[in-house]
Structures are given as structure tokens and as C-alpha cells.
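Record features, source Swiss-Prot:
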type	residues	note
CARBOHYD	N52	N-linked glycosylation site
CARBOHYD	N176	N-linked glycosylation site
CARBOHYD	N250	N-linked glycosylation site
CARBOHYD	N479	N-linked glycosylation site
MOTIF	517-520	motif 'Prevents secretion from ER'
SIGNAL	1-16	signal peptide
Amino acid sequence: MPILPILIGILHLSLAEDAKHLDGFSLPSLPSEHLIRYLNTFPKLKQQLPTNLTGKGTISSACWGHERDCTPAGRFQTPQCPGEHTGWARSKEAQVRTFYNQADFGYIQEQLSQLTPQCVPTYLGDSSLECTHYLRFCRGRNLLFDFRGLEQREERIRYHMDVLGPGQLLGHCKLNRTRLSGEMEHIGSALQSWGPELRNFDVLPHPVLESGLCDVVVNTPTFIMKIDATYNMYHHFCDFFNLYASLFVNQSHPAAFNTDVQILIWETYPYDSPFRDTFKAFSQRPVWTLSDVEGKRVCFKNVVLPLLPRMIFGLFYNTPIIQGCSNSGLFRAFSEFILHRLQIPYKPPQQKIRITYLSRRTKYRQVLNEDELLAPLEANDKYDVQRVSYERLPFTNQLAITRNTDILIGMHGAGLTHLLFLPNWACIFELYNCEDPNCYKDLARLRGVRYRTWEQRDLVYPQDEGHHPEGGAHAKFTNYSFDVKEFVHLVDGAAEEILSHKEFPRRASENPSKTQRNEL
């Protein structure tokens with residue numbers, strides 16, 4: 001059965017009033033390929049849809065990749081590992097499998113296989129707690145967090161490992177203390193594990209909700225997040241990406257992608273970030289911080305402690321990647337999910353390659369001959385060139401530009417994290433990596449877009465040796481000029497790669513559904 005009519009049918013169905021609520025349940029807002037897999041995950045929900053819309057064959061077998069019965073043919077995406085296998089893989093199959101387990105839905109499958117009960121309920125209203133290895137992801141029911149001690153803290157809390165003390169995290173369940181204490185190896189840093197918090201877990205003699213101890217009962221499912229730097233896009237998207245991955249680890253109920261959830265940030269600083277709109281992809285509620293609950297004993301009916309931004313061998317940050325592979329389906333799914341939920345418009349390419357140049361307004365890593373570099377590109381009829389300073393634009397406006405860019409050019413810096421939201425055929429051109437060669441190269445591999453950077457060291461001209469604030473020369477703390485001819489050569493090469501990409505539209509009139517998935 002052709003996929004496009006099915007997707008269009010689902011589109012119309014999802015917009016129809018009688019399909020918005022299936023037995024009182026609303027279908028989540030997801031891109032079409034995501035929605036198909038969501039429905040296959042919950043067959044009872046799928047059975048409520050007309051059979052001509054749920055499809056057969058490739059549609060009925062479509063899966064994400066972490067499911068036990070998911071076949072390689074049904075996966076959301078298979079990694080690309082061209083050429084001979086290299087490194088420590090013994091075969092091509094082992095190379096693909098290694099990448100899939102390191103950075104794709106295989107990683108989700110591993111987390112699911114590790115979920116182990118730490119505190120087991122006896123009766124229906126009891127508490128529960130289960131976690132993956134090293135307490136990197138946990139979820140619980142009917143748990144009491146005692147935040148009364150925060151009122152006496154003089155300092156603001158961020159990256160603290162002593163937010164909770166002994167007996168300030170309670171549940172009524174059978175606690176396996178030996179098992180829980182055996183998972184405390186990764187507590188050297190606040191952002192590596194939930195161990196600093198869970199080491200204080202203790203047992204109440206009575207059910208939490210009947211104990212009379214709850215000052216506040218939170219009925220809304222809650223994600224408690226320990227987050228990285230909020231003003232740095234690269235680091236804050238470590239948070240958002242791991243939150244998205246955690247939705248799959250927690251996907252035991254059709255409400256897994258529901259936005260009626262509460263986000264609680266594990267610090268007392270007011271939450272502020274230029275990227276704060278991204279939380280709207282996950283929750284329709286205002287973000288809480290510890291300041292919203294301090295002084296209270298808060299009982300959560302359903303609480304998730306999601307994957308953390310700086311886990312050892314984690315996702316996004318500190319991700320080990322086998323050589324020779326790219327195109328993580330999990331990273332592509334994250335990109336499509338955010339663009340869909342934030343309703344970022346898509347415009348198919350026309351006759352020209354769309355080039356976006358990120359102009360820095362910071363003290364360091366400015367391009368001193370910016371005008372000279374861009375002049376020949378602007379004079380070329382093949383290119384549509386725009387120069388932008390993203391720090392001056394709302395984040396959703398930034399995404400609207402990035403999503404409709406074919407070549408994104410910029411100096412080494414957090415703004416290059418926008419490569420996550422480029423079209424599949426696009427190229428990220430890190431003008432100069434400032435002697436940090438792997439950060440955005442690896443991120444481009446994970447997302448599955450082409451990557452280029454400056455190679456001719458004799459054709460880049462630093463203003464000086466660079467002066468690190470703590471002393472010594474440093475390539476990130478100076479400004480640069482570049483050879484114009486070599487710059488144009490690199491851009492032309494990137495354009496040729498884009499034009500030859502199998503997903504790049506060959507004609508302006510070509511249906512964008514062939515390259516960018518239809519969305520609901």
C-alpha cells in the first residue's frame with residue numbers, strides 16, 4: 001500500500017473531531033512517520049482506527065528500533081557506514097550494530113533492558129521505583145520529596161549534590177538497599193547520575209498518599225531535570241535531547257508523548273534561556289524550579305528522572321562513536337519532533353542553493369574579512385546568501401531560517417548546534433574548528449548531514465596567538481581572516497554535494513513530501 005495516501009488519510013483523520021478523542025484519549029501531535037510507529041507501539045489504540053488507515057506491510061511493521069520485535073527493515077532509519085569497516089569492528093555488520101547501540105535506538109533498547117526495580121510495591125497504592133544502571137534514568141510512583149530544608153539554604157542551588165538529605169526522599173515499598181547502593185558508581189558529578197539524590201531514599205511505614213505528610217500532591221506526571229548551561233545552545237540541547245530520548249525509555253503508556261506534563265528544574269535559580277521555547281515541545285505547562293516547591297513536602301504520583309546531559313558514555317555529550325558511521329535515526333527523530341512541535345515552517349528549495357552565514361558578535365572568533373568572503377557568493381546566481389546574527393532573533397525564528405538552509409556556515413561555537421535542524425541533504429561548514437576538531441564534526445555525523453571545515457592552515461590568518469583568560473595561547477580566543485579563493489572553493493564543493501544528494505529536490509515543483517516528511 002503506498003505510504004503517501006495512508007499518511008494523508010491519517011492527517012485528515014487526526015484533524016477530524018471524532019478522531020481527536022479515541023475513548024477519551026487524544027492522539028499526540030507527531031510527524032506522520034512518528035505517528036505510525038506510535039500507533040504500532042500501542043495496538044489497542046491502533047485498533048480504534050479504521051483498518052484502511054493503519055495499513056499493512058511496511059506500515060504495520062514500522063517500528064523505531066528499540067522494540068524487541070523490530071526488524072532492520074522496519075526501523076526508523078539504518079545507520080550509514082560506507083566503505084570498509086575500520087577500527088575495532090570485526091565486520092561491516094558489527095560496525096553498523098556498534099554505532100546503532102552507541103548513538104541510535106539501540107541505546108534506548110539498552111536502557112530498557114537495564115530497567116530494574118529498586119523499590120517494589122505490595123499493594124496498588126504503594127510506591128515504586130525502578131532505574132537503569134548507575135541510576136541514569138529512573139521513574140517512580142507515589143514518592144515524597146521533602147524540600148523543607150531548602151528554605152534555610154542561603155546560597156542558590158545549581159549543580160549541588162546535597163539538595164536532599166537522609167530521609168528526604170520517601171516511599172512505601174520494599175526497598176532493595178543492596179541493589180540501590182550498588183548503582184552509586186557514577187556520582188562524581190551532579191549531571192552524571194541520580195545517585196546523589198537517590199542515596200537518600202528511605203521507606204515510610206504507611207502509603208505516601210495516606211500518610212498525612214504531603215503538603216502538596218502533584219497529580220500531573222512530572223519530569224525532574226538536572227540541566228546543563230542554559231545560555232549555551234550546545235549544552236542546553238544536551239538536556240532537550242536526553243529528555244526526548246527519555247520519552248522512549250518511559251514509553252509504557254499511550255500518554256508517553258502527552259504535553260500535559262510538568263517540568264521541574266533541579267535548581268533554585270529562575271529558569272531563563274534564549275532556547276526556553278523548546279520546552280513547549282514537551283510540556284504545555286510553565287516550567288517549575290525548586291523555588292516553586294521549597295518549604296514543602298511534595299508527593300508526586302508519577303515522576304521521571306530522565307537521562308542526564310553529562311552521563312559517562314552518554315548521548316550527545318561524551319558520546320563515543322565508532323569511526324566510519326553516521327546518520328542516527330534517534331537524532332533525526334529528535335530534529336523532526338522539535339520542528340513539528342514548535343510548528344517551524346518548511347519551504348522546499350527553489351532554483352538556488354540557500355546559504356546562511358552566521359555572523360558572530362562576540363569578542364573572539366570573529367571573521368575579520370567577512371564582507372570580502374561573502375561578496376563572490378552573493379554575486380553568484382546559483383546562490384541565495386543571507387548573513388544573520390542569531391543572538392538577535394527569537395529562537396523559533398532562528399529555527400525557521402535553519403530549517404530552510406542548504407549550507408550553514410559559521411565559526412566554531414555553540415550556534416553550530418543548529419546543524420541538528422538542517423534538512424537531510426544539507427551541509428554544515430565549520431569555517432574554522434579552532435583546534436577542536438571533533439565536537440561539531442561528530443554532531444553532524446550523528447544528525448546525518450555533511451560536514452566541512454577549513455583544511456589549509458596556511459590560508460587562515462589569526463589576528464594573534466590568542467589569549468586564554470587563565471593564561472597562555474589559545475586558538476578560541478582570537479579573530480581570523482581567510483583566503484577568499486579557498487573559501488569559495490569549499491562552498492562550491494559543498495554545493496555540488498548537496499545537488500547530488502538523493503533527497504535534494506531536483507525541481508522547484510517537486511513534492512516536498514519526498515524529502516521532508518509530511519507532518520500532522
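Every residue gets a Cβ built from N, Cα and C, even glycine.
On the structure: features taken from Swiss-Prot.
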residue : record                      : contacts (Cβ under 8 Å, 6+ apart)
N176    : N-linked glycosylation site : P117, Q118, C119, V120
N250    : N-linked glycosylation site : R139, A256, V304, P306
N479    : N-linked glycosylation site : Y364, R365, Q366, V367, L368, P462, Q463
Mapped DSSP class for N479 (N-linked glycosylation site), helix or strand or coil: coil
Model confidence over the motif 'Prevents secretion from ER' (517-520) (mean pLDDT, whole number): 40
